[in-house]
Amino acid sequence: MEAVWESARILANSRFAVAFTGAGISAESGIPTFRGKDGLWSRFDPRDLATPEAFNRDPRLVWEWYSWRIERVLAAKPNKAHRLLARLEDSGVLKAVITQNVDGLHRRAGSRRVLELHGNVLRARCTRCGSKLEWREKPSNLPPSCPRCGGVLRPDVVWFGEPLDTSLLEEAFGLARRSDVMIIIGTSGAVDPAGLLPLAAKESGATLINVNPEPNRYSGVADIELRMRAVEFAERLSRAMGIDI
């Protein structure tokens with residue numbers, strides 16, 4: 001496909017390429033979407049679970065849902081698209097990955113500079129002392145308590161109605177404005193302020209490579225449109241660039 005070869009050429013000649021990823025890059029790793037069809041949780045709207053109000057009302061119910069999600073994330077493995085971005089960073093082409101995902105698969109694939117705008121489901125944060133811990137297995141006693149102070153732990157993610165970390169968001173916009181190429185993979189771009197990052201990159205002169213099987217917010221704005229899934233893109237681009245994934 002000519003557009004893939006053109007993407008390879010643009011990336012090879014780039015000075016500061018950045019990736020921006022969403023749920024589509026992890027779907028092929030088996031990460032369930034918010035509105036999964038798995039038994040109990042199909043009856044719940046995520047907005048009734050992923051909010052501070054829901055946690056204050058019924059922390060055990062919220063943790064039961066997150067325990068289910070943690071179990072599936074721990075069982076998942078990075079796919080070729082995650083590994084492609086890690087290899088591009090290894091080669092010096094890619095400078096950072098900015099992700100809306102909370103599954104930690106970019107780091108597990110080997111990416112080092114990863115900005116997790118919405119947090120990480122494998123981390124918990126104490127509501128009392130603020131200390132953090134990482135899950136190696138799903139929590140058993142729900143809601144879990146802080147090993148330091150005994151306070152109630154909450155998932156270290158951004159819930160509906162909560163602001164993103166200001167310093168992290170500023171860093172992400174700084175990277176976007178500095179980039180000369182941005183690869184957008186697997187996101188509709190519907191959720192702001194994260195969805196504004198590719199537009200900020202474009203306004204600063206970056207070339208946008210938009211990888212998504214369906215039209216999205218960046219269709220018509222991007223310089224290169226690749227209507228394909230993340231893994232197919234990774235396979236094609238890695239061949240074009242001679243990268244082993």
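Glycine residues also receive a Cβ, built from the backbone N, Cα and C atoms like all the rest.
The active site, proton acceptor annotation in Swiss-Prot covers His118. Residues or ranges marked as NAD(+) binding site in Swiss-Prot (evidence: sequence analysis): 22-41, 100-103, 186-188, 212-214, Met241. The substrate binding site annotation in Swiss-Prot covers Tyr66, Arg69 and is backed by sequence analysis. What Swiss-Prot lists as Zn(2+) binding site is Cys126, Cys129, Cys146, Cys149. Annotation comment: Swiss-Prot describes 1-245 as domain 'Deacetylase sirtuin-type'.
Ranking the recorded positions Ser26, His118, Gly186, Pro213 by Cα distance from Cys126 (Zn(2+) binding site) puts His118 first. Note on proximity: among Gly22, Tyr66, His118, Gly186, the recorded positions of the record, the Cα nearest Cys149 (Zn(2+) binding site) is that of Tyr66. Looking only at Cα atoms, His118 (active site, proton acceptor) sits nearest to Gln100 among the binding-site residues Arg69, Gln100, Cys129. Averaged over the domain 'Deacetylase sirtuin-type' (1-245), the predicted model reaches a pLDDT of 94.
Listed in sequence order, Thr21, Gly22, Ala23, Leu117, His118, Thr187, Val191, Ala194 are the same-chain residues six or more apart from Gln100 (NAD(+) binding site) with CB atoms under 8 A from its CB. Of Gly30, Tyr66, Arg69, Gly186, all annotated as binding-site residues, the residue with the shortest Cα distance to Cys129 (Zn(2+) binding site) is Tyr66.
Taking Tyr66, Arg69, Cys146 as the binding-site residues under consideration, the smallest Cα distance to Gly186 (NAD(+) binding site) is found for Arg69. Listed in chain order, the extra residues whose Cβ falls within 8 Å of the Cβ center of the Zn(2+) site residues Cys126, Cys129, Cys146, Cys149 are Thr127, Arg128, Gly130, Ser131, Pro147, Arg148, Gly150, Gly151, Leu153. Here the CA atom of Arg69 (substrate binding site) lies 20 Å from the CA atom of Cys146 (Zn(2+) binding site).
When secondary structure is read from DSSP and collapsed to three states, Cys126 (Zn(2+) binding site) falls in the strand class.
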